[in-house]
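Under the heading domain 'ABC transmembrane type-1', TrEMBL lists A:76-287. What TrEMBL lists as transmembrane segment is A:16-45, A:75-101, A:113-140, A:160-185, A:206-231, A:266-287.
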Amino acid sequence: MTHATHTKPSRRGEGFATLLMVAPATALFAVMLVVPVGLAVYLSLTDWDGYSARPHVVGMANYAHLFGDPVMRHAATVTLLAAIVGTAGMNLLGLGFAVLVNGSSRANRFLRVVLFYPHVLSALVVGFLWSAILGTTGAVNSLVTAHGGSVLPFLSDPTWAVVTMIAVLVWAGFGVNVVLYLAGLQAVPASLVEAARIDGASRWQVFRHVTLPALGPVVTVNVVLSLVTLLKTYDLVVSLTAGGPAGQTQTLAYLILWNSFHDNRLGFGSAQSVVLMVVTAALALIVTRLRRRGEMAVYS
Amino acid sequence: MRPRHLSRAAVGALLSLALAACGGGGGFSGGNTSGGGDKGTVRMLVNITPNLTQSYWTELVKPFERAHPGVHVKIEAPTGKSVADTLPQQLAAGNAPDVVEQLTADRTRASQMLDLTDQPWVKGTPLAQQAAVGGRIYTVGVGEQAQSLIFYNKAAFAKAGIQQPPKTLDELTQDMGRLKAAGYLPLQTAGDFVTGLQLLQLADPSLAQSHPQWYQDVKAGRLKVGESLLPHLRLYKSWIAQGYVDKNAMGLKYPDSQTRFFAGKAAMYIMGSWFTAAEATAKKDFEVGVFPAPVQTGQRSPGPQGATMAAPYMILKSAEHRALALKLVQWLVTDKSAVTSQLQQDGNFRPGFDRRFTPLERQVQQILDAAPATVPQGEGYGDDTLPNGFNDAWNTQVQGLYVGRSPEKVAAAVDQWVASRS
């Protein structure tokens with residue numbers, strides 16, 4: 001009895017202390033994540049135009065309209081294409097350059113800065129910069145036409161414009177991948193590489209069978225980060241192509257912002273946001289699972 | 001269990017708070033214009049362009065501040081892509097400005113704006129009645145912008161042997177052939193918003209004659225937008241096919257198109273009267289002329305001129321200093337020096353306000369004077385409006401002509417868009 005009366009208040013106190021300690025993080029999580037997401041889900045079920053005081057609940061109408069919208073379908077295709085091709089490009093270039101500049105020489109240090117530099121620039125600036133280079137009257141076309149050539153339709157032909165957009169996205173983003181892969185490369189145990197060399201493995205064999213498997217978790221992080229970033233592409237589209245020509249480079253995020261704030265259809269834009277959020281989370285989860293299965297296979 | 005209940009309650013409370021914030025000033029009703037005292041800061045969200053810079057706006061309101069000690073007018077630039085994007089974001093955040101420039105009221109926006117109908121000074125402001133929504137005035141402006149204008153390179157016209165600017169669209173097409181033969185790109189255009197805007201500007205005078213009740217007929221379902229503009233879409237497609245516009249123009253931005261015109265490479269440029277302000281400062285080695293957009297054969301020339309309100313202002317119902325905001329807007333649209341300055345800065349016009357005109361501006365004024373009427377354009381204003389976002393949807397579809405779509409397909413897509421929003 002004495003024992004019981006001694007422990008009960010202490011457990012209660014412990015619980016209260018735990019609650020106090022997790023309260024700030026929980027509140028922050030709720031304000032920063034739960035409320036916006038909850039609000040987006042709620043708005044997606046309304047016809048809110050951004051001006052009226054009380055939005056009308058329209059149920060699943062926005063979602064029904066969204067899946068039948070050809071503009072949305074095209075934007076989804078462009079976004080997925082950019083995400084898949086861009087992720088491959090950013091990771092191949094990131095890993096390739098990381099291997100090349102993986103050393104402590106001055107030249108390597110300088111090259112790392114150069115490779116990371118595009119990522120420091122705002123995506124808006126990057127878009128304007130490349131439109132000045134690749135536009136119809138841009139630097140490249142001025143050079144081409146000055147030498148008697150025809151204008152290269154980097155931004156005026158629908159196919160070229162999508163390719164150009166993806167190329168610029170890769171250029172602007174792969175610096176982060178270089179840094180992450182460099183960190184991964186430097187964490188590969190030197191003893192493993194040395195043992196493989198002593199066993200007579202060539203440089204390629206060492207990379208293929210020792211370094212690359214050891215980089216598994218870094219690859220997962222890089223792929224997921226690139227994928228999620230590219231699925232949210234917006235600002236670069238604004239400054240590079242403005243979604244043109246003829247809406248051919250509109251991405252989902254671009255469309256969401258446009259529908260929400262330009263066409264005053266915040267309810268519909270919220271439905272698009274919710275779908276994008278779910279798709280992004282699902283893709284990230286699938287990629288993580290697949291990568292984890294691959295990593296397990298390597299280590300087993 | 002208890003902590004779970006607590007967190008649920010907290011989330012619920014936060015959600016309610018956030019939803020309440022979403023209403024912005026939506027709870028306001030009525031047109032009470034009192035409140036806020038005679039001192040304080042009036043926040044004004046304005047459009048920033050190469051002509052209308054932040055420093056221009058700050059200088060513009062200084063005389064008002066001097067005349068009203070204790071009053072500060074805080075000029076705010078859009079934090080989004082434009083004023084149209086920024087205002088709903090600010091309303092959602094419960095942080096709307098007192099005054100907003102550039103936007104005009106429609107049925108959606110009117111719910112958040114102060115009703116100015118009973119203000120005696122409103123009646124004398126340009127296009128105020130035309131921009132009314134349900135007979136109530138929410139928007140007042142400084143002047144008018146003429147829309148349906150074609151600026152041209154006089155040297156190019158002379159070289160091509162064109163004595164008089166064309167009056168019909170057929171004559172315009174014939175002249176384009178002559179200009180191309182003379183070594184000029186007949187018509188300068190660009191991607192961005194320019195493609196669709198130019199075609200709307202070109203279509204205004206003939207559309208207003210072939211369908212005098214265009215907005216009403218479209219709203220009532222008696223007429224389809226794409227169908228009614230199909231002749232213009234077909235004409236434009238033929239221009240692309242004949243090389244009268246640059247097939248790579250979609251890779252140009254708005255400023256690029258002006259630069260190319262001033263470089264003397266293109267013979268014509270369709271744009272609104274604000275282009276005169278750019279022309280006044282541009283370096284060029286030829287004289288620029290202007291003529292009203294031609295009409296279809298058999299129609300009256302010149303036709304009605306597409307016109308929009310220049311520097312439109314609205315006051316938010318939620319304005320903290322409503323009385324001061326009213327004083328400011330009244331001053332902005334009626335004070336002679338303030339009006340003249342704004343007209344001058346952005347190349348706009350207003351009967352009765354004489355300002356320094358460049359020769360090109362004088363020609364635009366003559367075109368406005370000669371026009372039998374002024375008509376809204378595209379998305380329109382007041383009761384004559386199409387669904388929000390029409391201008392952009394139209395622009396996207398018109399650009400489709402450059403990427404192989406037929407005029408019929410473009411017209412059908414425009415009609416489908418309008419139907420889906422109506």
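Every residue, even glycine, has its Cβ placed from backbone N, Cα and C.
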Interface-richest range of A:75-101, A:113-140, A:160-185, A:206-231, A:266-287 toward the transmembrane segment (A:16-45), CB pairs under 8 Å:
A:266-287
Would you kindly list the residues that approach the transmembrane segment (A:206-231) from elsewhere in its chain, counting only those six or more residues past its ends and only Cβ-Cβ distances under 8 Å?
79, 82-83, 86-87, 90-91, 94-95, 99, 169, 173, 176-177, 180-181, 183-185, 187-189, 192-193, 196-197, 252-253, 276, 279-280, 283-284, 287-288, 291-292, 294-295, 298-299
Non-local residues, at least 6 beyond the ends, that sit with Cβ under 8 Å of the transmembrane segment (A:266-287):
37, 40-41, 43-50, 55, 58, 62-63, 65-66, 72, 83, 220, 223-224, 227-228, 231-232, 252-253, 255-257, 259-260
Counting only residues 6+ away from its ends, which parts of the chain sit with a Cβ under 8 Å from the transmembrane segment (A:75-101)?
108, 111-112, 115, 162, 165-167, 169-170, 173-182, 184-185, 207, 215, 219, 222-223, 226-227, 230-231, 233, 248-255, 283
Same-chain Cβ contacts of the transmembrane segment (A:160-185) under 8 Å, 6 or more residues past its ends?
78, 81-82, 85-86, 89-91, 93-95, 97-99, 101-102, 112, 115-121, 123, 126-127, 130, 134, 152-154, 211, 214-215, 217-219, 221-222, 225-226, 229-230, 233, 236-237, 240-241, 244-245, 248-249
